[in-house]
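*Asks:* My structure is below; once you've seen it, I'll send some questions.
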Amino acid sequence: MEVAMVSAESSGCNSHMPYGYAAQARARERERLAHSRAAAAAAVAAATAAVEGTGGSGGGPHHHHQTRGAYSSHDPQGSRGSRRRRRQRTEKKKLHHRQSSFPHCSDLMPSGSEEKILRELSEEEEDEEEEEEEEEEGRFYYSEEDHGDGCSYTDLLPQDDGGGGGYSSVRYSDCCERVVINVSGLRFETQMKTLAQFPETLLGDPEKRTQYFDPLRNEYFFDRNRPSFDAILYYYQSGGRLKRPVNVPFDIFTEEVKFYQLGEEALLKFREDEGFVREEEDRALPENEFKKQIWLLFEYPESSSPARGIAIVSVLVILISIVIFCLETLPEFRDDRDLIMALSAGGHSRLLNDTSAPHLENSGHTIFNDPFFIVETVCIVWFSFEFVVRCFACPSQALFFKNIMNIIDIVSILPYFITLGTDLAQQQGGGNGQQQQAMSFAILRIIRLVRVFRIFKLSRHSKGLQILGHTLRASMRELGLLIFFLFIGVILFSSAVYFAEADEPTTHFQSIPDAFWWAVVTMTTVGYGDMKPITVGGKIVGSLCAIAGVLTIALPVPVIVSNFNYFYHRETENEEQTQLTQNAVSCPYLPSNLLKKFRSSTSSSLGDKSEYLEMEEGVKESLCGKEEKCQGKGDESETDKNNCSNAKAVETDV
């Protein structure tokens, strides 16, 4: 053994020579691969330059795509197999050369050790080459012509070419790029194609959602209600189905729907599913500028100070008209007014025995110089002027006369002119036909009763009455059920109490229709006491009637109250919701060009270290500019100081 060792050392052979030689062989192989790759890259660059030089006269970009496609269309498996076979032949030659060069070292080397090491080396190099080839194929760019007309703009990546937008010829991987959305610390992950279904929404529009992008974490951050976002994301995943979570209040979820800009149609459909009727409010304005100003002046009191003043005058006139309508029914005013109307109608024969009739007749009192008539005339003049002006300036005559408020205006004005025409006709008749005059007098009283509808004119200037009207209109289904239940209960219990009290001679229920009043009063828990059962059977029926009335009324009332709360909160918080939506901004310290860069990024993670360092440098430059600006101002506000301190904190995090 010692002789073998001496002979080995004398021949210059090291016992560890196979491992050292393997390291040298590995280094030479890497050098050879580097030279071969450099030569291949130079060949590709030369071919590309030649193609670009020949394609300048026409169809250059198209020819470039074809050449690139030709490079990518060769068989990668065949090229890898041929390279592997060449390497194996080269390694066999090298192994044979080493065995012939070191004949004395063959006894010292383990059998097959060098061949095993070279085989491992070749396998590692093959793996590295395959990974590099896959990366080369991953960077391949497909043109729109390669994929036909099926390529849409939603399948292309946005790019920043200095012109403010556009799309590059890079396709998404079948639109399966993933995006991370952070809602108040709760992370959601979805695909880009899911959001692209609704490009008009906040999440579907790349331009809109860019302001909420956080490049440090490569995600979109929204400081919004977390439970609501489950339904918002499901809206995109389901293709347009919007369902409110059970644990989210209606008004909060409505705010979230408006913030994410799902659209008015989606909001109306959601409200219909919740049980609210679709509102048909015409907010159109006249095209003529003069008519537009008049329309705003009389229709929208909140539009300007003069419009508010006109609204106040209109409310005062309505109140005066209602007060006059009530005061003229007092006994001391009613007698004189009836006598005046009778004298105006020519009814002298009916007033001969009345002591006040000669006094009124001699004093010259007529209906035209009555104080109530004069005040009412002034009110009617204002109502007529307001109605004519609004009719002149309205955007659409058809919609104007279909509006319920305008119909109320007409109904409140017409009785005055009918009364005036009737009085003039009776004066010209000269008092003939007392029966006809009495009938006209009764008709005038009924017409004067219609003037009570003027109180509904206040709803034009009262938010509370408008909310009540919207509530009743939205609760028509529940009100119909309530009336139907009451109708059934009235019929059932009035019949029962009639037959229960049939044998009692002193009963108050002479017939079933007579018992209707008692059943209604009992079911509504009013109980006037004018009609009551006497027998034991009648009292049992009355008890059941009261219990059934309580249950019948209690069932639909919560829905009506819920509708009222919704309309009340919507009217009082509409402006606050708009301000919250408009004031939602993104991080102010990120430069716009940096956001555009990350918006055009094709990866859902930072990945490349150079991109991360470039992003870090851009953020620092922006923060340094903010800091210098803060330090340069001697009288900065408290908000600026806080912003500067926040800038330093963000810079430290970066």
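In case you wondered, yes, glycine gets a Cβ from its N, Cα and C as well.
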*Asks:* Identify the topological domain of Asn403 and of Thr535 in Swiss-Prot, and say whether both name the same side of the membrane.
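*Replies:* No - Swiss-Prot names a different topological domain for Asn403 than for Thr535.
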*Asks:* Where does the phosphoserine label fall among Ser15, Ser122, Ser459, going by Swiss-Prot?
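*Replies:* Swiss-Prot records phosphoserine at Ser122.
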*Asks:* Going by what Swiss-Prot says, which of Asn353, Asn643 is noted as N-linked glycosylation site?
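*Replies:* Of Asn353, Asn643, Swiss-Prot lists Asn353 as: N-linked glycosylation site.
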*Asks:* Which one of these stretches, 183-196, 211-224, 463-476, shows up in Swiss-Prot as region 'S4-S5 linker'?
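*Replies:* So the range that Swiss-Prot calls region 'S4-S5 linker' is 463-476.
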*Asks:* Thinking of Cβ pairs under 8 Å, which stretch from 372-393, 405-425, 540-568 has the most of them with the transmembrane segment (306-327)?
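*Replies:* Of the candidates 372-393, 405-425, 540-568, 372-393 scores highest.
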*Asks:* Take the transmembrane segment (372-393) and find every residue of the same chain, 6 or more past its ends, with a Cβ under 8 Å from one of its Cβ atoms.
*Replies:* 286, 291-292, 294-295, 298-299, 313-314, 317-318, 320-321, 324, 327-328, 333, 337, 400, 406, 409-410, 412-413, 416-417
*Asks:* What residues in the same chain, six or more past the boundaries of the intramembrane segment (513-524), come closer than 8 Å to it by Cβ-Cβ distance?
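*Replies:* Distant Cβ neighbours of the intramembrane segment (513-524) are 486, 489-490, 493-495, 497-498, 531-532, 542, 545-546, 548-549, 552-553.
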*Asks:* Let me spell it out: take the topological domain 'Extracellular' (533-539), skip the flanking residues so only those 6+ beyond its ends count, and list any with a Cβ under 8 Å from a Cβ in it.
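*Replies:* Sequence-remote neighbours of the topological domain 'Extracellular' (533-539) are 497, 500-501, 503-504, 506-507, 509.
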*Asks:* Going along the chain, which residues at least six beyond the ends of the topological domain 'Cytoplasmic' (394-404) come within the CB cut-off of under 8 Å?
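*Replies:* The answer is 282, 284-287, 295.
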*Asks:* Should anything in the same chain at least six residues away from the topological domain 'Extracellular' (499-512) have a Cβ under 8 Å from its Cβ atoms, list it; otherwise answer none.
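*Replies:* For the topological domain 'Extracellular' (499-512), the sequence-distant neighbours (Cβ-Cβ under 8 Å, at least 6 residues beyond its ends) are 518, 530-535, 537-538, 540-541.
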*Asks:* So which residues does the transmembrane segment (540-568) touch in its own chain, when a touch means Cβ under 8 Å and the partner is 6 or more beyond its ends?
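*Replies:* Sequence-remote neighbours of the transmembrane segment (540-568) are 250-251, 275-276, 467-468, 470-471, 474-475, 478-479, 481-482, 485-486, 489, 493, 496-497, 500, 519, 522-525, 532-533.
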